[in-house]
Amino acid sequence: MGSLTRAEEEETAAAEEWSGEAVVYVNGVRRVLPDGLAHLTLLQYLRDIGLPGTKLGCGEGGCGACTVMVSCYDQTTKKTQHFAINACLAPLYSVEGMHIITVEGIGNRQRGLHPIQERLAMAHGSQCGFCTPGFVMSMYALLRSSEQPPTEEQIEDSLAGNLCRCTGYRPIIDAFRVFSKRDDLLYNNSSLKNADGRPICPSTGKPCSCGDQKDINGSESSLLTPTKSYSPCSYNEIDGNAYSEKELIFPPELQLRKVTSLKLNGFNGIRWYRPLKLKQVLHLKACYPNAKLIIGNSEVGVETKFKNAQYKVLISVTHVPELHTLKVKEDGIHIGSSVRLAQLQNFLRKVILERDSHEISSCEAILRQLKWFAGTQIRNVASVGGNICTASPISDLNPLWMATGATFEIIDVNNNIRTIPAKDFFLGYRKVDLKPDEILLSVILPWTRPFEFVKEFKQAHRREDDIALVNAGMRVYIRKVEGDWIISDVSIIYGGVAAVSHRASKTETFLTGKKWDYGLLDKTFDLLKEDVVLAENAPGGMVEFRSSLTLSFFFKFFLHVTHEMNIKGFWKDGLHATNLSAIQSFTRPVGVGTQCYELVRQGTAVGQPVVHTSAMLQVTGEAEYTDDTPTPPNTLHAALVLSTKAHARILSIDASLAKSSPGFAGLFLSKDVPGANHTGPVIHDEEVFASDVVTCVGQIVGLVVADTRDNAKAAANKVNIEYSELPAILSIEEAVKAGSFHPNSKRCLVKGNVEQCFLSGACDRIIEGKVQVGGQEHFYMEPQSTLVWPVDSGNEIHMISSTQAPQKHQKYVANVLGLPQSRVVCKTKRIGGGFGGKETRSAIFAAAASVAAYCLRQPVKLVLDRDIDMMTTGQRHSFLGKYKVGFTDDGKILALDLDVYNNGGHSHDLSLPVLERAMFHSDNVYDIPNVRVNGQVCFTNFPSNTAFRGFGGPQAMLIAENWIQHMATELKRSPEEIKELNFQSEGSVLHYGQLLQNCTIHSVWDELKVSCNFMEARKAVIDFNNNNRWRKRGIAMVPTKFGISFTTKFMNQAGALVQVYTDGTVLVTHGGVEMGQGLHTKVAQVAASSFNIPLSSIFISETSTDKVPNATPTAASASSDLYGAAVLDACQQIMARMEPVASRGNHKSFAELVLACYLERIDLSAHGFYITPDVGFDWVSGKGTPFYYFTYGAAFAEVEIDTLTGDFHTRTVDIVMDLGCSINPAIDIGQIEGGFIQGLGWAALEELKWGDDNHKWIRPGHLFTCGPGSYKIPSVNDIPLNFKVSLLKGVLNPKVIHSSKAVGEPPFFLGSAVLFAIKDAISAARAEEGHFDWFPLDSPATPERIRMACVDSITKKFASVYYRPKLSV
């Protein structure tokens, strides 16, 4: 690393005047950024100054929770620009001279909600609320940057960089849709006067009367003439009157202020430069050859955070005009290296409209590719040059620069400019032909010629905001020679198949000079197979799939060019109509959502679709989560020291470097635990700190505390552990083979006699098969977090935690510290999603933090980074099912013999209860006379897998639906026929002895068949498939039956505390946790209905172990049943006490009645309690009633797949569910939609990749998919185009409070309808090749599995017809 000598420093100071003054406006308030903060991100700064509405969800720009709007003034165009960015990646000093607007700045409950905030809240667009501020700000930035109301497509596109795990996106899209349907003026002016003409204060951005203003240089400056008047949006569906604030204008100071060159510093010797001229950049590069040039920091930010890269000198080139050129010239478009990708998009759109059509083929290809490049926030800051010089092998643009014949202009520190073809620029893995004293100056993109065609290709796990698995840029120039069209020039460049963007040189040579016709294809395919060779263990895996994509892309390119020639009249042999589907990219129309339910109650809070009680807090960023809690004085921050081996003996732990690290306050290991080091929710088989042997990667070995979070993480990384490795079990198959099972985890359920049935001859057919079900990451938006502090010098321990089970935190901490539970208090206000991932796994982090807090007598906060969270906390259990099914030729099921195994990981946790529920649900909704289900929990060297929405039920039902499909294939009948023929009915006896009561599956199924018009849908799909060779559609109907109750009897209990105050308001406390599912809202509705008072009179503050003791975790979908009933019990007690007073007087209000009762000394507080009756199961006898009742549902799905790439779209989803008489139909429908989309992710998108025998390119036991960059949950672009949800009408559930039913988990499995619709489409593709037999499709049905199952001449070059892509299970 170079460094400036004193002489060079003096020379630099003399040459240019560098300033150390950095000014930024935040929500209209002027702030001076002190020197020394170059290491901070904008997000850290915003939260440090008391603006916690902007959230840290991932830290890599992948989730959008940190979205803010940045406004800057362009001195060239004299216009203010507004755009959304990821604050988690933006260096603090990168926004110097800009105006930052956060969610707090646009509206709150005191000033009034902004129309965007209000609309989102009222449309039920917020559940857990952690992602909500990010969505608000993405929409706000779109409106502020729009000259006219945006289209619905633009709205959806603007949300591509925002993730939500709760809602399923439909209500968010519906909330924002209104902003595209009105022509009101949309906040796009930068006037210095407000609507009533009053001046705007430069320091606050709000109306004032401070008179004339002065600019930053002290000279008199009159206010600019306003070009437009402006006022907040006012739409029919929004109460605009509630919003009294005007939009924050761009601060005049920043508009008038002279921009200066900046030189600032940061922690650990970091230097930050912001030059204003190219010569300054070159001078700095001469002094610091290894300095990093940055624009958006989207790559460097990830490297420093997750790869521990250290760059001492950072040069921000955002203000260098020479690097920002965008010019149209005779030889093409000249693009400065610092041009942002969003700028390039807008420029290309304009160029395409203005230039001749034959010139713009390259422009169109790049523009189309940019649509799928990252999310909006990244494109707003990432630069052309940054993407080029990073030289990523999966860059979406580099193959196109190479294919289009682009050239790069490079300048050195002596102002010498050289030009190099893009195809020669990339030398190796992240290596380019750029010397340390050179920088990329610009890109020259040439115009295309007549009959020159350029096309882009990309296939990723997920379309939006995802890196490519394989991408390509292809170009061909053909000329007519003696009546034939001859290839004059061709470029074929692939990404994702080598260490650099890879040129298919043999293929290019062969094609040059050849006649353009179908005869090219076979030889071209053979040469491409030689040109692109992936080793068996190539990084990224999926070798067969990625190889097939190289041929598929060229085939698509050939057909594209041929079709273009044909429609222009230059090609006589046109494409057959069925082949056109290969070149037709799916154009996604705007989605539509429909919700159908009836309101059966009037005049009471129960049954009304009221908005989530925290919605207004969430949309304004005022809702407080654990990491938002103001920290007590002297709070220390913690970071974990984790195992890096799957199974190893610890030989030594060296903390010497950590102890000398800045801010270090302590390292805590197993020897420091005051109480018991072993813990667990059922069996205490897990150590808080590993003492001798580690049994998985990510196991906690120690905990470091320091004065800041960054210092704690830095110190933790310096702890060196020496290991002696031991053999590891890394899959279910390995565990079964080795007999590696958790103790006492074998279970068996028997009904009838399976063996006798198989041997009796009653079964006309017997099938056998194996189903692999992949795991799933919870991906709750709020990471695991806890704040622990001692009270009375450790006599008590209090904590605030993000958990579904405060009582478990209380127990764990008391056990670890050796304290009685009565001295440990855990409080939870709300959590940003849980889904089971915070039921047990969160407690061990609180326990670890409590050791440090107890020993040091100081508060300790622990917040996990997303990658640490994912690699340590466990996921949904992967399953292996082996089935044998006997049935008649008529399709009647006679016998099921099933062995199921789940991957428990390295400790017991909840794996046995998960297995048990899976076994209970192994029949789904089918009546089977003879059943034998054996199950066992596998011990593997992975983090302990844990509870996840459905708790094993979905995995077992997926196995059941697979053997149903297998039966249908054998019988050559539709799966829907077989399902309907075998439905359970009222009075059916299940395979664990429970009598089925109130069975509504027939009603649900029948209503769905009518709603989706199934027979017509089938005819339409057949017709489409007959006319399209390379795109296929498929449909499926899937039923579900989900048992409600904890299968462990004692957990079916609940407590609540209800306190009525003399003003008639009510404080309710219960043992359940609000995590977005609307539990507090429903409970409040129950209380309001009980007292017959407005819902606004009920308040629920938090969940606390010192208010309601021994609370059952918020899980099993039973919380509304349990805590609603407990609250009802408490309310009824109070009402019974009040009744004598009420009967004696005519009280005008509830408040008057309460006051009268108080004056008569009547107790206005009550503890309510409820137990679920008539449940329990005996595993010795194998009989019992594990469930109080069942929730039924069914879903129809229609999909369309691209058989050449594996890409798919969900066209239609129709859901019918029996929820009895809903307490809140809006919240319940939100749960159905969110659950379905989460289930869709599990079934078709989300794949965990572990270092196992199937993925040898990953280090053994390590999780590769440990962040949003590599693990893809559904995005806005993945939701169904037509999404309909209906609640079954006219049904009651007399067993439960207000005849309602549980909803959290039951809809999840319905997402598998998409998987089976995909399989239906694949079957149509296989039939084209003459393959009609059964084939397995493991979950998730990713593009890899879809493509490789659609066997054709291309896939057969790389794999057999029965190839089964590898899966971590």
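Positions of Cβ are set from backbone N, Cα and C atoms, glycine also.
Keep in mind the model is a prediction, meaning the values are calculated, not measured.
Here is what Swiss-Prot says about this protein:
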ACT_SITE  E1305  active site, proton acceptor
BINDING   C58, C63, C66, C88  [2Fe-2S] cluster 1 binding site
BINDING   C128, C131, C164, C166  [2Fe-2S] cluster 2 binding site
BINDING   293-300, F373, 383-387, D396, L440, K458  FAD binding site
BINDING   Q804, F835, R949, A1116  Mo-molybdopterin binding site
BINDING   E839, R917, F951, T1047  substrate binding site
DOMAIN    20-106  domain '2Fe-2S ferredoxin-type'
DOMAIN    265-450  domain 'FAD-binding PCMH-type'
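All features noted in Swiss-Prot, drawn onto the structure.
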{"residue": "C58", "record": "[2Fe-2S] cluster 1 binding site", "DSSP (3 states)": "coil"}
{"residue": "C131", "record": "[2Fe-2S] cluster 2 binding site", "DSSP (3 states)": "coil"}
{"residue": "G296", "record": "FAD binding site", "DSSP (3 states)": "coil"}
{"residue": "S383", "record": "FAD binding site", "DSSP (3 states)": "strand"}
{"residue": "L440", "record": "FAD binding site", "DSSP (3 states)": "strand"}
{"residue": "F835", "record": "Mo-molybdopterin binding site", "DSSP (3 states)": "coil"}
{"residue": "R917", "record": "substrate binding site", "DSSP (3 states)": "helix"}
{"residue": "R949", "record": "Mo-molybdopterin binding site", "DSSP (3 states)": "coil"}
Restricting the comparison to the binding-site residues C58, C88, C166, F835, which residue's C-alpha is spatially nearest the C-alpha of L293 (FAD binding site)?
C88
Can you tell which of the binding-site residues C128, C166, E299, T1047 lies nearest to A1116 (Mo-molybdopterin binding site) in space, using Cα positions?
T1047
Hey, what's the Cβ neighbour count for C164 ([2Fe-2S] cluster 2 binding site) at 10 Å?
31
Expressed to the nearest Å, what is the distance separating Q804 (Mo-molybdopterin binding site) and T1047 (substrate binding site) at their Cα atoms?
18
May I ask for the distance between C131 ([2Fe-2S] cluster 2 binding site) and C63 ([2Fe-2S] cluster 1 binding site), taken between their Cα atoms and rounded to an integer number of Å?
8
Using the residues the record lists for substrate (E839, R917, F951, T1047), what whole-number Å value is the largest Cα to Cα distance?
16
Long-range same-chain neighbours of E299 (FAD binding site), Cβ under 8 Å, sequence gap at least 6?
G386, T390
Cβ within 8 angstroms of the Cβ centroid of E839, R917, F951, T1047: which residues besides those meet this for the substrate site?
L910, P913, V914, E916, A947, G952, G953, F1046, A1115, A1116
Report, as a single number, how many Cβ atoms besides its own are within 10 Å of the Cβ of C166 ([2Fe-2S] cluster 2 binding site).
29
What other residues of this chain sit with their CB within 8 A of the center of the CB atoms of C58, C63, C66, C88, the recorded [2Fe-2S] cluster 1 site?
L43, K55, L56, G57, G59, E60, G61, G62, G64, A65, N86, L89, G134, R866, P1268
Cβ distance under 8 Å to S383 (FAD binding site), same chain, sequence separation 6 or more: which residues?
I295, G296, S337, S338, V339, R340, L341
Taking only the residues the record lists as binding Mo-molybdopterin, namely Q804, F835, R949, A1116, what is the largest Cα to Cα distance between any two of them, in Å to the nearest whole number?
12
Pull the DSSP breakdown for the domain '2Fe-2S ferredoxin-type' (20-106) and write it out as helix, strand, coil residue counts.
15 helix, 31 strand, 41 coil
Alpha-carbon spacing, C58 ([2Fe-2S] cluster 1 binding site) to T1047 (substrate binding site), which is rounded to whole Å:
35
On a C-alpha basis, identify the one among L440, R917, T1047, E1305 that is nearest to C164 ([2Fe-2S] cluster 2 binding site); the candidates are the recorded positions.
E1305
